[in-house]
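Copied from Swiss-Prot, the annotated features are:
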DOMAIN    29-199  domain 'Helicase ATP-binding'
BINDING   S42, P43, T44, G45, T46, G47, K48, T49  ATP binding site
MOTIF     147-150  motif 'DEAD box'
DOMAIN    209-379  domain 'Helicase C-terminal'
COMPBIAS  373-389  compositional bias 'Basic residues'
Amino acid sequence: MIKDMQPFLQQAWEKAGFKELTEIQKQAIPTILEGQDVIAESPTGTGKTLAYLLPLLHKINPEVKQPQVVVLAPTRELVMQIHEEVQKFTAGTEISGASLIGGADIKRQVEKLKKHPRVIVGSPGRILELIRMKKLKMHEVKTIVFDEFDQIVKQKMMGAVQDVIKSTMRDRQLVFFSATMTKAAEDAARDLAVEPQLVRVTRAESKSLVEHTYIICERREKNDYVRRIMHMGDVKAVAFLNDPFRLDEITEKLKFRKMKAAALHAEASKQEREATMRAFRGGKLEILLATDIAARGIDIDDLTHVIHLELPDTVDQYIHRSGRTGRMGKEGTVVSLVTPQEERKLLQFAKKLGIVFTKQEMFKGSFVETKPKAPKKKKPAFTGKKKPR
């Protein structure tokens, strides 16, 4: 399939070191190339971004100096990650992209549009604002992609989404992607799309090389287990908590134990978040602590471990957290630190997901699978009779 694409895409694919398409890419690329509307669901880390970018970049006409593809995403971080992929796969060509996010200087964004980007990646609100200012022309847009569409629906961005769609020609293609396509999101997508093709890839089909493990410990022991995991060597981890007010407390305790740790806060400024992520990607930090909201949109290629310091409330949260390791066919480890009372909830997650969770202990700096204790032999009941000699 890659061999049938534009030479610049083949070269970028080889340069990125990819060997074969993931399951979502195999299923979605032909349908998108045909121009059909698509609703796609695939776990985090399975190559969803390239599943839509590759066919759409292949179809772009560089001679038409207007936006031809628009990608809408719910968070600043996700917008920037998608934009980076566009830059990587169009390097050395006439095709360029522009990222348009809320909160950034709109005058600079208008200047970006004067350079004739063929691919626009942005937040629904800011893109709609530029359309209304008549700075972003949509008449040549052939495809609109909605990445993490469940979050777009959840964050009540549908008004902006509908207005952006209305600004394009009627024959445009709509593509909806999500790691967890909720019923509400799927219903909303079906209302907007025309005879959409449904592409759904399960965790089992995605050939994940992620190992899901758990350790039973008391709540007070969890920080020490994080320390022991980090000392296993060459570990780069994100640890998740539910309570944002505990982020700094736990981070300071880990730093006191000589770990290069930092907290990622949802309310941190763009500059603070970017500085933290730069330090983490550059190896100055070995572990990030975050909540689900704070970690939204984070994408780190070489993340070795995801640690659930606190078990998430839902299966969907578990999927989103855990999908940050083992991306694009790489190996990864997910460790849940659970109290004896939490074990039952975790095993319910395992049953719903169809995943085998390995119960482990730590011994001499390594994971060791917990062996079930042999049942004690019952002593024969005393009958009062003496054994015959």
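Placement of Cβ uses the backbone N, Cα and C atoms for every residue, glycine included.
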Point to revise | Per-residue Cβ crowding (10 Å cut-off), top of binding-site residues T44, T46 | key: T46
Point to revise | Positions on the same chain near the motif 'DEAD box' (147-150), where near means CB under 8 A and six or more residues out | key: 48-49, 52, 71-75, 78, 82, 176-182, 184-185, 188-189
Review point. What is the number of other Cβ atoms found within 10 Å of the Cβ of G45 (ATP binding site)?
Key: 25
Review point. Helix, strand or coil at T44 (ATP binding site), per DSSP?
Key: coil
Practice item. Check T49 (ATP binding site) against DSSP and tell me helix, strand or coil, would you? Key: helix
Revision key, fill the gap. Row S42 (ATP binding site), column other C-beta within 10 angstroms, all chains, value 28
Study note, to complete from the structure: Mean pLDDT across the domain 'Helicase C-terminal' (209-379) comes out at 85
**Study point:** Tally of DSSP helical, extended and coil residues in the motif 'DEAD box' (147-150)
**Key:** 2 helix, 0 strand, 2 coil
Revision key, fill the gap. Counting across all protein chains, other CB atoms within 10 angstroms of the CB of T49 (ATP binding site) number 23
